[in-house]
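Down below is the structure, laid out as structure tokens.
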Amino acid sequence: MTVTPALLVILDGFGYREDSHDNAIALANTPNIDRFWTQYPHTLINASETFVGLPRGQMGNSEVGHLNIGAGRVVFQDFERINQAIASREFFSNPVLIEAVNKAKAGHKAVHILGLLSDGGVHSHQDHIHATIEMAVNAGVEKVYVHAFLDGRDTPPISAKPYLEKLEQACASIGGGKIASICGRFYAMDRDKRWPRVEAAYNLITDGQGEFASASALQGLEAAYARDEKDEFVKATAIAAAGEQPVTMEDGDVVIFVNFRSDRARQLTHALLDPDFEGFNRRRQPKLAGFYTLTLYDKAETRAKPIFAPVEIRNTFGEYVAQHGLKQLRIAETEKYPHVTFFFNGGEEQVFAGEDRILVPSPKVATYDLQPEMSAYEVTDRLEAAILSRKYDAIICNYANCDMVGHSGDLSASIKAVETIDTCIARIVKAMESIGGQMIITADHGNVEQMRDYENNQPHTQHTTNQVPLFFIGKPATLAAPGTGSLCDLAPSLLAMMGLKQPPEMTGKSLVAFQAA
């Protein structure tokens, strides 16, 4: 079967905002992207809120974005499913959750609740932590401990205080539960196998051993701020009142990990469960009575039981292309590799027939403002070679820079990230045009176009709800009007570019209307 080669380039975190103030895209020198606005058909599409299966007002994120893109339909997210379950009180009759708390109660053991404490809604939500505490306490569990990972990435960099205050108020209102430890997500939620970071969180959670100790979570936070540590980077701090010993994780205890997004929860889960773990030397591995996760983190990790089972997504773009016997490529650097593979394939680890993957290692730096080009040039080299090989019918590529550097809150570095992308993307457009291929350049959500939080007068490090631009390079065509399309329309658009009919499971619509020859 012969098709026109199609390429989707996802500029992660590249949103659209007309105001140029604190807008890294507007402030960057981007001769190529500037040219795209005048030379190629373009539009704006939606990448947040209900358009991607999230609640109103909720910013999009990379996991949600790639899931919707690959599915070709709006995928209602775990975040919203869990919110609805709590609102309807079905959460408190969930049989897996009942099993978890009953195991702890039967053995007079503790429930340890692990999770990112914020209202960011990207990896977790504080309401889910509060509901889990309520469930455990009302079931009669006497020892309910919260190990709170502080955000500052999907929320303002210095914003943890009200979340800790609200958690303490919730515990008081419920009549049980206490904060056992705090640390920044930089340590507890690493996803790049930087094991010394995870080790710090592991030792804190299992042995109550941190770099610091404090009589209360709020005092521990203030001490971290005095050390010039923003929320994301708060060092491991054990919380124990005067005369008390820090909380430790004992044999027979139960763990409930309440992050609903899997990618940054897997490594810590692996460290706590895997008897053959080799990331670092564990002082000990508690023999837990049960380990429960709010959603499925890893099908291969059968020792962890999901509270909310995954919803199967059939006939994703990758699966459908494979059914037609076509060749496809997924390429990204480490930070976004799971997104163009696992999430793009509907949350499936399976590699489809004819699907190749290229992983380019991300640079080993503490934060990406230190190296804003990341591995974009290496990704471009590999992508350009793949295009010119004429081997692939469909290619999905992600450039991580605008999102990962944008999360640092450093405007100067973010401008450099945008300029790097501008240089790289020009090479890719040239390569695709040279083989007669067609391509879409767009984003999965916004970030780098808003680098200042004016309300809190501090750097803006989280995603935005802004629309994202879309450029089409190919045969003469017109695009859907700005604001009428969304991420779920990208897979149908790619199939139309390839000359394939979309499957009935895809309810999105092609954004590209080709002009008659």
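Even glycines carry a Cβ here, placed using N, Cα and C.
Of the residues proposed, SER62, SER375, SER389, SER510, the one Swiss-Prot records at the same Mn(2+) 2 site as ASP12, ASP444, HIS445 is SER62. Per Swiss-Prot, substrate is bound by HIS123, ARG153, ASP154, ARG185, ARG261, SER262, ASP263, ARG264, LYS336; the candidate from ARG191, ARG330 named for the same site is ARG191. Scoring each of the binding-site residues (ARG191, ARG264, HIS407) by how many neighbouring Cβ atoms lie within 10 Å, the top position goes to HIS407. Other residues of the chain with a Cβ within 8 Å of the Cβ centroid of ASP12, SER62, ASP444, HIS445, the Mn(2+) 2 site, are ILE10, GLY13, ALA47, GLY60, ASN61, GLY65, HIS66, LYS336, HIS339, ASN398, ASP403, ALA443, ASN447, HIS463. Cα separation, ASP12 (Mn(2+) 2 binding site) to HIS463 (Mn(2+) 1 binding site), rounded: 10 Å.
Distance noted between the C-alpha atoms of SER262 (substrate binding site) and ASP403 (Mn(2+) 1 binding site) is 18 Å. Annotated pair HIS407 (Mn(2+) 1 binding site) and HIS123 (substrate binding site), C-alpha to C-alpha distance, rounded: 15 Å. Cα to Cα, ASP403 (Mn(2+) 1 binding site) and HIS123 (substrate binding site) are separated by 15 Å. Counting other CB atoms no more than 10 Å from each candidate's CB, the binding-site residues HIS123, HIS463 peak at HIS463. Counting only the Cα atoms, the space from HIS123 (substrate binding site) to HIS463 (Mn(2+) 1 binding site) is about 12 angstrom.
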